[in-house]
Amino acid sequence: MSTETSIKNEKNLSHSQSGDKGGTIGTAEFKPSGYTIHRQVEKSLDEQFSRERQHPVYIAKLPSFTASMNVGIVVAGGTSGNHRHYYESLIYIIEGKGYSVVEGKKVEWEAGDIIYAPPWAWHQHFNTDPDHEARYIACTNAPLLQNVGGIARREEAV
């Protein structure tokens, strides 16, 4: 990498988004964590988080300091709880169809779609299929916010 490219990357780093290419610096040090896989995630239901979200949630337990991932299931004809959080959430629909309401805007989705829930935006997910569950994978930057000062707040609607 040239010095010019490196300087450009450093300047753009604070404004990088998930779709950006070349916005990272190519030097890093690998520090082994002891584990790099969480096998059979869907066998480890997070009961407290599932109660709060009002649908089953399985959290991947990996040593990432910046990102989290979980698998969620919205039962046939069911909904999640209405909630918001300081962290961003990208939600990939594995199977099913339905819609989400994000800050009052209805967004229809089906398998293969990705939904974006911005920080502190109220959102709720609805499975419109009365016979089949909807399944998703959610990726968030909650650990990053927790690690820079414990600012990963979340709130459930009452």
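Every residue, even glycine, has its Cβ placed from backbone N, Cα and C.
According to TrEMBL, the region 'Disordered' annotation covers 1-30.
Here TrEMBL flags 74-137 as domain 'Cupin type-2'. Per DSSP, the domain 'Cupin type-2' (74-137) is made up of 0 helix, 37 strand, 27 coil.
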Overall pLDDT of the domain 'Cupin type-2' (74-137), taken as the mean: 97
